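Undergrad: First the structure, then my questions, so here it is.
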Amino acid sequence: MADTKPKDTPAEPEKPIEPAPVPISVGAEIKANLPFLTALSPLSSLASPSAPARKALAPYVPSASSAKSDAIQLRIGYTKQRVTSHQFPPLGRSAHASLRRDEECQAALINLLLRNTSTTTFILKPTNSCQRQPSHLPGNSQLARYLYYVGRIRAVQLSYTEAHTHLQQAIRRAPVATLAPGFYQTVHKFFIVVELLMGDIPERGLFRHPVLKRALQPYLEIVRAVRTGDLSQFQSTLSSYKDQFTNDGTFTLILRLRHNVIKTGIRSLSIAYSRISLRTIAQKLSLDSEENAEYIHEKGWMESWERGTDRGTGRGGVYETGEPREAFQKRIAFCMELHNESNAIPLNAHRKELASAEAAREREKELAKEIQEGDMDDDGDDATMGDF
């Protein structure tokens, strides 16, 4: 008969009793700060904004009213505009910050407004925020951002002098290059382009800066093309780095430099050639046709026009200029001055000096003779007197 008793099964180990989780009250500031920190990771690596980053910024907390929450909301708003489509900040928030006299929030909102203006088509219209600098911009960071955005807007509006001034002040107000390399590089990119549009060439040492050397390499090639007037090099550089210039926001400004490149090339041709045809000008400058060369000539880059050719400012022989006459005039003036200085001294002045020297020697001889005779007389008197 089979044994029907149940077999003994091994006893299961007892699980340790875990304490119940203590509920934690999460404030509005923490809820707002978590998505902000989540979205900083893809932005710090300069990656393209992804969907998780956009979703992380979704819980935007507009109902918070404390000072801490306002600062966090501004940071979230700035980050949100970087990963989403560009939108103007709400005017109600600006009025709220103005009523509370929150200068930091007002400065951040003004910079957000200028940032949106500089990246949209509204940049061609006059902006009230750019008319005068606000007095309530706390800290150099907000002031540097404000100067950068205003300089960028002025550059697009063809006010290159004002843009150059604002960008230069933004560089001075910016943090150390090692602490904020991105902002430092961005401001210098616009600064170099504006300086080229003004007709100046940036300093060579600027492109050797350890923080700027790699970022400004495409702009260095643009500077070389503008300085030499090589239109083909300018076009090749523009096509090679088109995507980078577009991402930097300087592509439309660099397109304006084509006129400066042609101007520099024509200047070099006018110095090298005394007479040159329009066809040669088009070939040298890599222009499309002779009509373009004629149009450029009509703008007034050359000095004279005759029968389809152009007379430049090429120099002939050196004797056709006034340089030989000026050189001979300098030599004649030097010889005349030397002659006048030599005649200013009397002819026999040295003889008077010789006569006075001879008289002095005679007086010295007589004085020495008298002294010697006086010594001899003293010796004779001593001998005759003997011992007293």
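Glycine is no exception: its Cβ is also placed from the backbone N, Cα and C atoms.
Note: TrEMBL annotation is automatic and uncurated.
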Undergrad: For the feature region 'Disordered' as recorded in TrEMBL, pick the matching range from 74-108, 109-143, 354-388.
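TA: It is 354-388 that TrEMBL annotates as region 'Disordered'.
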Undergrad: Which residue range, 1-22, 309-330, is the one TrEMBL calls region 'Disordered'?
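TA: It is 1-22 that TrEMBL describes as region 'Disordered'.
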Undergrad: As a quick check of your reading of DSSP, tell me how many residues in the compositional bias 'Basic and acidic residues' (354-372) are helical, how many are strand and how many are coil.
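TA: Helix, strand and coil residues of the compositional bias 'Basic and acidic residues' (354-372) number 19 helix, 0 strand, 0 coil.
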